[in-house]
Amino acid sequence: MRSELSSGMTSSSSYSASSFFARFWSSALRSKPLSPAVETSVRTSSGDGLVRRLGLFDLILLGIGASIGAGIFVVTGTVARDAGPGVTISFIIAGASCVLNALCYAELASRFPALMLDYHIGAASIARSLASYVVSVLELIPFLKDNIPSWVGHGEEVLGALSINILAPILLVLLTVVLCWGVGESSILNSIMTVTKVLIVLFVIIVGAFEVDVSNWTPFAPYGLNSILTGATVVSFSYVGFDAVANSAEEAKRPQRDLPFGIIGSLLVCVALYIGVCLVITGMVPYQYLGEDAPLAQAFTSRGLKYVSVLISFGAVAGLTTTLLVGLYVQSRLYLGLGRDGLLPAIFARVHPTRHTPVQSQVWVGLIASILAGLLNVRVLSHILSVGTLTGYSVVSACVVTLRWKDKTSSQASTRRISRRREGIICLFTIACCGFAAGVLFRYGASFVFLILAAVIAIFSAGALYLRQVYSDPPGFSCPGVPIIPSISIFFNIFLFAQLHYEAWVRFVVLSIVTVGVYAFYGQYHADPLGSNASIVYHRAPAEEAP
């Protein structure tokens with residue numbers, strides 16, 4: 001009797017587990033139909049909701065504001081210490097990869113209200129850097145110099161990765177209040193600060209160009225191609241801002257027309273600015289003598305241009321402020337979209353009736369970022385951000401391919417479509433695996449024969465995607481060269497992913513498990529398979545409303 005009871009309990013638990021995973025797999029594979037309103041993304045009506053207030057120029061400034069932070073003054077120099085003047089090539093490679101990613105992002109942005117990347121970590125990292133620069137500016141006042149404790153803004157190491165910073169959470173709270181106040185007010189602040197920092201960067205490039213010694217560019221790649229590719233991996237997150245434009249689709253006046261131009265335009269401006277700063281900093285000072293904390297400012301100081309160093313500090317504050325502002329803005333809109341779809345609690349889907357901002361989501365984002373910024377150092381946060389960025393771009397590129405596959409109407413065609421769909425997914429997965437394998441082989445100095453083999457397999461997989469699948473033309477902006485460009489994007493992103501330290505891989509696995517866990521134990525039971533977009537309400541800005 002006891003054995004029968006035990007056998008029954010085992011059978012029951014086995015059935016429950018299999019039922020759980022079957023439901024999970026079915027929920028993960030289901031798709032939500034797009035309504036015509038979501039496809040066009042131009043609907044307006046009365047009621048409570050988001051306001052369409054952002055024009056093309058606002059979107060371009062949004063992308064630049066998110067991308068050009070203190071990194072242009074700091075990362076350019078720190079990576080140059082490892083890659084030499086070849087850091088310019090690192091930024092070009094990362095920029096070229098992001099152009100491919102931007103084309104994929106632009107297509108999805110013109111079709112969907114929101115895309116995602118994790119801005120919590122980015123906001124926390126940027127807030128700590130901003131706090132450090134604010135303290136540096138305050139220390140220009142004589143009676144404050146060397147009198148501000150390290151735990152206030154620079155950060156005080158306590159234990160391992162634990163580092164106390166008081167000013168960073170305060171800055172996050174202030175910017176969260178601005179964002180809760182309204183998108184119009186935050187857009188004005190972003191525009192002013194972005195124009196200011198771009199003018200400062202241009203001034204720095206022009207002044208620095210007259211101080212360049214071309215002999216400092218020789219040798220151009222002292223540590224070889226490997227260091228340049230590793231540098232490209234490190235600086236890839238410097239372009240992360242262009243996807244912020246995609247997340248503003250619901251508040252753009254003409255999303256189908258303006259979003260693609262905003263994404264690609266902001267990215268090209270950022271590539272040009274990064275290249276200019278790289279050439280200037282490596283031409284002014286030999287790469288091996290560049291400082292670690294403020295390399296560009298120290299380069300100008302060594303040339304007797306102290307006033308430019310002061311200007312760089314103000315530019316860094318302006319740059320980090322806009323980057324942080326946009327990061328907080330984007331993450332809240334992501335929570336808004338997930339809340340509407342039932343993947344997060346309904347409180348995240350609420351929009352303030354008069355401010356037309358997702359206040360609850362915005363406060364949550366500010367709270368989490370404040371905790372991370374107050375306790376963790378920049379190095380730990382940055383490693384997590386880089387691995388998430390490359391993976392997110394790859395997922396977006398894969399989505400562009402799968403969403404273009406045509407549906408069939410007959411039952412026989414439907415069966416064939418399912419078979420070809422699985423075949424296409426296998427091809428995409430193979431391309432990603434080949435990119436990772438090529439990256440690992442290159443990182444550890446394996447024979448180029450194996451690298452070529454991985455590339456050839458990826459090429460055949462991309463060819464199978466091109467020949468075996470039938471692709472439709474999407475409404476709005478269309479990414480050219482599908483599936484070839486998305487396939488190149490996936491391969492290259494995962495190749496760069498493989499260059500990261502193994503600790504970044506471990507962090508990625510942990511974060512992925514947490515994310516899948518949230519969906520497994522909450523999202524799959526509350527997700528709306530038909531979508532809740534039919535109840536979404538949009539507004540034009542008051543001046544834009546029809547009479």
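Glycine too: its Cβ is placed from the backbone N, Cα and C atoms.
So that you can see what the record holds, here are the features copied from TrEMBL:
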- 477-526: domain 'Cationic amino acid transporter C-terminal' (DOMAIN)
- 59-80: transmembrane segment (TRANSMEM)
- 86-105: transmembrane segment (TRANSMEM)
- 117-138: transmembrane segment (TRANSMEM)
- 188-210: transmembrane segment (TRANSMEM)
- 222-242: transmembrane segment (TRANSMEM)
- 263-287: transmembrane segment (TRANSMEM)
- 307-330: transmembrane segment (TRANSMEM)
- 359-378: transmembrane segment (TRANSMEM)
- 384-403: transmembrane segment (TRANSMEM)
- 448-467: transmembrane segment (TRANSMEM)
- 479-498: transmembrane segment (TRANSMEM)
- 504-522: transmembrane segment (TRANSMEM)
Of the residues in the domain 'Cationic amino acid transporter C-terminal' (477-526), how many are helix, strand and coil by DSSP?
39 helix, 0 strand, 11 coil
Cβ contacts under 8 Å made by the transmembrane segment (222-242) with residues that lie 6+ beyond its boundaries:
62-68, 71-72, 75-76, 79, 82-84, 86-87, 89-91, 93-95, 97-98, 101-102, 105, 117, 122, 263-264, 266-267, 270-271, 274, 287, 323, 326, 382, 385-386, 389-390, 442-443, 445, 496-497, 499-500
Cβ under 8 Å to the transmembrane segment (384-403), counting only same-chain residues 6 or more beyond its ends: which ones?
97-98, 100-101, 104-105, 107-108, 111, 115-118, 121-122, 125, 233-234, 236-237, 240, 243, 421, 424-425, 428, 432, 465, 474, 479, 482-483, 486-487, 489-490, 493-494, 496-497, 500, 504-505, 507-508, 511
Please work out whether the transmembrane segment (59-80) lies in contact with the transmembrane segment (479-498), by counting C-beta pairs under 8 angstroms that are 6 or more apart in sequence and asking whether there are at least 3.
no
Under a Cβ pair cut-off of under 8 Å, which of the recorded stretches 117-138, 263-287, 359-378, 479-498 contacts the transmembrane segment (86-105) most often?
263-287
Feature contact check the transmembrane segment (188-210) with the transmembrane segment (263-287), CB under 8 Å, 3 or more pairs:
yes
Long-range neighbours of the transmembrane segment (359-378), counting only residues six or more past its ends (CB under 8 A):
119-121, 123-125, 127-129, 131, 155, 157, 161-166, 168-169, 172-173, 175-176, 179-180, 328, 331-333, 335-336, 339, 347-348, 350-352
Long-range environment of the transmembrane segment (188-210) - Cβ separation under 8 angstroms, sequence gap at least 6:
58, 61-62, 64-65, 68, 72, 178, 269, 273, 276-277, 280-281, 283-284, 296, 299-300, 305, 308, 311-312, 314-315, 318-319, 321-322, 325-326
Counting only residues 6 or more past its boundaries, what in the same chain has a CB within less than 8 Å of a CB in the transmembrane segment (307-330)?
62, 65-70, 72-74, 117, 119, 122-123, 126-127, 129-130, 133-134, 136-137, 140, 171-172, 175-176, 178-179, 183, 186, 189-190, 193-194, 196-197, 200-201, 203-204, 207-208, 241, 243-244, 247-248, 294, 296-298, 300-301, 362, 365-366, 369
